[in-house]
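A quick write-up on the structure given underneath.
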Amino acid sequence: MPTRNLLLGSILLSLAVKGDPGPHRGARCGVSPLGSATELNYLSRIVGGRESKKGQHPWTVSLKRNGKHFCGGTLVSHCHVLTAAHCLLDRNVKLYMRVYIGEYDQILKEETEQMFRVIEIFKHPNFNQSQPMNYDVAVLLLDGSVTFDENIQPACLPNPDDVFEPGDLCVTLGWGHLTENGILPVVLQEVYLPIVDLSSCLHVMSALKGTVVSSYIVCAGFPEGGKDACQGDSGGPLLCQRRHGSWVLHGLTSWGMGCGRSWKNNVFLPHNRKGSPGIFTDIQKLLGWVSSQLNTAVPNKNQESCSMQDGVLSGKSGELIFLKNPMSVTRTMSGAPGFSLSLKTCTSCLNFTHLDIESDFACNLDYLAIYTDSHRLIGKFCGDIPPRSLLISFSSIKLNFFSDFHENRTGFVLYYSAVEPNTYPDSGCGSFAVLFEEGEIQSMNYPENYLSNSRCHWIIHGPSGSYIKLQFEDFALEPSDDCRSDYLAVYQDLAAEDKIETFCGFSLPAPVYSTTAVMHIKFSTDERDNDKGFRATFTFVSPNSLVEDSRQGNMPSTNKKETTAQDSICGVSQVPPIFIYNSIAKVEEAVPHSWPWHTSLQYAGEHVCDGAIIAENWILTTASCVLNRKFNDVWLVDPGIHDLLRPGHNQKGLVKQIIPHPSFSSQTNDFDIALVELDESLQFNSDIFPICLPGKTSELAPASLCVVSGWSLRGKEAEKSTKLQQREVPILTDDACSAHYIQNPGGITDRMLCAGIGTGQDNDSCSEQSGSPLVCLLEKKGIYTIFGIASWGVNCKENSKPGIYTKVSPFIDWIRQIMSDTGQIHSNLGDPKPHPMGNIEPEETAGRDIIQGGFPTNDASSNQNLYIASSCEDVVLLQSPGEIKMETKSQMYPNGFSCQWRIIAPKFQIIKLVMKQVHMSAENGKCCNSLIIYEGISKNKTLKVRFPTDEMVPGTVWSEGSSVTIESPPHPVDPEFGFCLVYSFHSRTQSQDHVVPDSDSSEP
């Protein structure tokens, strides 16, 4: 069969942006010369009307009348400022208004200031003075060009695909009143607020008479109030930070009912006390209009043209569509310029021959984005290194080019063609590349999260005799042990058999070198926990250059985990925490071992609650976790663990004693704190390290942002994660906390604190996350300190109410006293003496019977009374000797019932099981009924023996460790089913073969 030529069309698209780049020189939108403000500010104070640092927000503008500030604004180009239209109602405002850029102190005349007049004002045509919060935006054209320096930079306008979600933390700035009708500040203030869901905001606003709002707004604030923008802040920016650092003008301060009022119960408040979230004009939704003003508002600006005849497409807004006949062209206007290629039943091949787009680490300034026809992002490209031979396994793709207004480049040139779908093997992720020249590769969708269940391949061919160097610029893949989840594997042969290395996690890998002229790269993802992926460049190097690097000691070494202890004594992590989202509404997986003080507390082999390491022998947790689980030998502390389903660190600790606070009340949850002393000291390293305790008088300011970590942070109704999660939560005022829990017995006491956000919905108080540490970064010291322990109501339902934490500072003296009495065995747990708060009956353990009794001091096979366990569903047996007996003839069991017994011996002892009798009907014995013995009691228990086995009844089974599980699986009721088993504890020297048929089993 002859080969068909499937080249449906080839066209040169060249986008050139014209204009003089001179005025923009030195501009870098959204980048603060002082660096990111989030590292410590988010973790110390997210709100609070505090003074900003001079130069921290170099795009902030002060509009003045007769030398006095009246509104704010934001610099977005060398000659444009965005502000609120309602600030400009006076028809003569252009005559007296002065624009101050680089302003910080309203009294001092600073060298950083630049002052301009306004030559033109462009208000949105839909702005209506009678409804001032709708379309409340205006563009000011300055009478000169701003000189950019370290104190003056423009903010980034939002991209069409920027996403800022409810709960994301953004900052608003201004010189407005510090309180409602209060004084004006002298220097620039900053207030961090979470984005509020638009539907919730509109619902709140509906309770305010006379307010008419549209969907062209952004809402931000706390339902409890306390922090907000205020009078004089109008027109100022609401800036949100992209994941990669640049600040985006998300909104303009427009309106609010009062300043910092609570709005969570507006319906029940009189009108003069009603509040609202802060209302900001949504710049992204009005980006088309804003862009058109920035394009047309420059005098003598060369207008750009669009021409298909000469193959050059220029202009900031347009769409080029190739229909079935690829030479049939239409052009339509849209918010973002773009081109669509439709190649029916074929695979699209894009070959860039030129790329010159403003370079940015995450391609957020100017970029070319490639999408599928369903708007699934394939990749974003910028800089001057063209991607090579991009094969996209979709027949229809869309190319969108976006440019801000700061740095002009020549654009890009690409050829597209259609190839047979089977010309290259399908990668399963939408792209496959065979590369013959030096260049750059990146994961699909980068820098946004890559897709699930993807299999991507790149094959790089270097010149004969050369080696290939792969240099990573960015790297963030789901971390996992041995990189078994998401991973990037690098090989040095076509068959992908000679592996160089496999990578995952968040650490930037060292450069990778092949020792052949071929490098094969595989990128594989599973179904969950996606991240932003990677970007890397590859170059061809000679073998001689590698030899020279090796001699000079410049060859990279494999990344090895450091296990040396930190110089600090507490509160420092060698693995820095990473927050993908600047949000108080999102739970995300923690970087493994980034919270090295977090530990799992396990009872009878199962994780039951969390704790925090505070010393080599001590764990801090809640009394509610340990009160009804009274047997020390059943407890296990597992530090340094990230995934509950995978083996953690080898320092699992046995428990010496458990000490709940003597005043703990299960009715009020007051004094909910406990200490666990380990039998042996922990050895601190990078995975296991203590958290710092606060001072006795340490207090957190309201709205301080702290972090809670744990395995159940996604809420009671959500699937629990086996991997450690983290979440940023704000500290609430005592009054706001009490308002959420009016019905709580005993109220919110001085020994409790509230953290998180809530909608005020009903919440069944629970302890799903009991014991999880609430830690805060102390800005001055740069260390983490534990201020709270999750007590109850923490994430029982998603965001329903703030969680209640035990405040640690009031208990510092008690903690120190207990820890100083190291040799004393405290008897707070299970103490027969009256409880200081009155006699408290132990709460029932749902679905489990714990057979109480102390461990024998001598060999358990000595003559003692035989303990008979008659319960069935989930029984923990700690007393020896004992008997398990079950008779369906004398009990009424429903169809499908199941039973489980867990026998736990003291440490260093094993268990002897003697099966006396097993009987059942002949018919059920063939198919259904059985009795199974497992080694161990956790989810990782292993099958040991299954009964009935005629030759083993009667018979003896010896355990290998100190615990076994006996199960009777679900089955239909068998009136003849029953068994009798006796057990006893022994030292290891007394064990026989693991399964021995008995000729005489009269003794257990």
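One-based numbering along the chain as shown.
Using N, Cα and C of the backbone, Cβ positions are placed for all residues, glycine too.
Between Cys219 and the candidates Cys201, Cys230, Swiss-Prot records the disulphide pairing with Cys201. As annotated in Swiss-Prot, Cys776 shares a disulfide bond with Cys706, one of the listed residues Cys692, Cys706, Cys737. Of the cysteines listed (Cys29, Cys87), Swiss-Prot assigns Cys87 as the disulfide partner of Cys71. Following the DSSP three-state reduction, the secondary structure of Glu113 (Ca(2+) binding site) is coil.
For the domain 'Peptidase S1 2' (580-820), the model gives a mean pLDDT of 82.
In this view, Glu113 (Ca(2+) binding site) is surrounded by 16 other Cβ atoms within 10 Å of its Cβ, with every protein chain counted.
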